[in-house]
Amino acid sequence: MALKTLQALIFLGLFAASCLAQAPAPAPITFLPPVESPSPVVTPTAEPPAPVASPPIPANEPTPVPTTPPTVSPPTTSPTTSPVASPPKPYALAPGPSGPTPAPAPAPRADGPVADSALTNKAFLVSTVIAGALYAVLA
């Protein structure tokens, strides 16, 4: 009986793995920048007076080179007409003389499959458990 139980657990594991493989990918996680907290209030402490410093000695700095303003070049002339590509042709069928015009296909739903469809992951998992239990009992 232990062999049948082990087989049933392997069976359930394979079906659970396939169920998880069919699950939609998770939405990407966006990290928000950390909120900067205000710095704590620093209580002033009594500090000894700073010693009197002598004035700094001026260094001989080179004089900056005068810059000339940029010159404005006259605008270049471009051709008066530029080649324009024609819009692409649709891939739909052209209406025939005796046939009806094809109707546009409905747009796919943006939110994915219907939530209460018959083959959701929960239903698949429950049916897998039932099949595994039947396999363990009857096999």
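Placement of Cβ uses the backbone N, Cα and C atoms for every residue, glycine included.
Annotation source Swiss-Prot lists compositional bias 'Pro residues' at 46-77 (among others).
Under the heading compositional bias 'Pro residues', Swiss-Prot lists 97-107 (among others).
Residues annotated as GPI-anchor amidated aspartate in Swiss-Prot, with sequence analysis given as evidence: Asp116.
The pyrrolidone carboxylic acid annotation in Swiss-Prot covers Gln22. In the three-state DSSP scheme, Gln22 (pyrrolidone carboxylic acid) falls into the coil class. Sequence-distant neighbours of Gln22 (pyrrolidone carboxylic acid) (same chain, six or more apart, CB under 8 Å from its CB) are Asn121, Phe124, listed in sequence order.
The region 'Disordered' annotation in Swiss-Prot covers 30-115.
As annotated by Swiss-Prot, signal peptide applies to 1-21.
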